Amino acid sequence: MTHKLTYIATAIGLVSAQTNRQTWAEKYGPQQDMPFSGPLSFAHLPYSKCLEATNSSQPFDIAVLGVPFDSAVTYRPGARFGPYGIRSGSRRISPYVGYTTAWGYNPYDQNTTIMDCGDIPVIPFDIFKAVDQIETAYSTLIDLPVATETSLGANTTRKAAKDGKSHPRVMTLGGDHAIVLPILRSLYSVYGEVAVVHFDSHLDTWPTQGFYGASNNTITHGTMFWTAMNEGLIAKGNSIHAGIRCMMTGYQDIQHDQQVGFSLITTDDIEELGTDGIIQAIKRRVSDKPVYISIDIDVVDPALAPATGTPEPGGWTTREIKRILRGLAGMNVIGADLVEVAPAYDTNAESTTIVAAGIVHDLLSVMIGKEPLRVSFSNSESITGRSRRLT
């Protein structure tokens, strides 16, 4: 009898203990991913298959969209793995750890819903079919309703759009640079011609006729801006290259580029102009046009970002690129991309993908529409010992 009572008491105690046991949320709070854990989305952002979305689905203001396509390259392939690589490089960024002294705020808590919308399932065997898939996917996203009508970005798109409505914007992860052609076609349907700010070591305005012996209707990652200009997608006289330093056939390539409608900032111009001078040159050129920012990772020196298909020595540093981007905050940015990351050529330390993720983080901040805030430093924290704007 004594043993039976002891058993019953023990059972009651166990039930009581289980009843009083705290849940994870009660004891530890939200299930926040560690830098090395959780499903792979950019900066641990919420993930959704947005291409299947309807007007009643979870809305967003900015979509991070992968385009794993590299069938239009002229040298080393591998950029189809770029979206995965960039997301992997972003593992130490998160909505909880997004503040920097450079910006003075966290872009992930600025009244703007940012969603990782996964990748477009792009066919690798048929370039023209792939281009149509990219345009269809991009148009699907920018035609959805925005999540936050009161955000700065919604106001930007509302003023720039031909229909006077707010539209979501897309931060695209490439993929080779040819993906920008269907993107510009999609944007034209909403905004008309747009100014392109193009960071690259190459012009990408070569005519398709005769390009590597190709036919006139070829789509490559070195000809897409020529095609886009001929289709009237780009604001001629308001678009600009920055960081150019590639080998060319001759000065006639520069003359042709000017005829296409771009102005040009070379890599070496930073020695004379500095980052502030380059920022001002870009702003003067763009004026008040709706702006699309396109960044080829090879604008960065290959010593810092080697994992790309067509590397060129003598590029800008990561710090210079990031500083220039901060100076572009406040422009009417209606979309952006980061392309040509080919992780197979990266270092064991993942140098390129980490650089690329940092640039995407800055591009998202630019797209938020909020300029860098003043950050105060005490005498012990700053050389100057005074407040300064970090741009």
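Even glycines carry a Cβ here, placed using N, Cα and C.
TrEMBL: automatically predicted annotations, no manual curation.
Owing to the predicted nature of the structure, the values given are computational and were not obtained by experimental measurement.
The feature signal peptide is assigned by TrEMBL to 1-17.
Look at TrEMBL and you will find His177, Asp200, His202, Asp204, Asp296, Asp298 tagged as Mn(2+) binding site. All protein chains shown were included, and the count of other CB atoms within 10 Å of the CB of Asp204 (Mn(2+) binding site) stands at 26.
Just so you know, the Cβ of His202 (Mn(2+) binding site) picks up 24 other Cβ atoms within 10 Å once every protein chain is counted. For the recorded Mn(2+) site, residues His177, Asp200, His202, Asp204, Asp296, Asp298 set the reference point as the centre of their Cβ atoms, and the other residues of that chain within 8 Å of it by Cβ are His198, Ser201, His221, Gly222, Val299, Thr310, Val339, Glu340.
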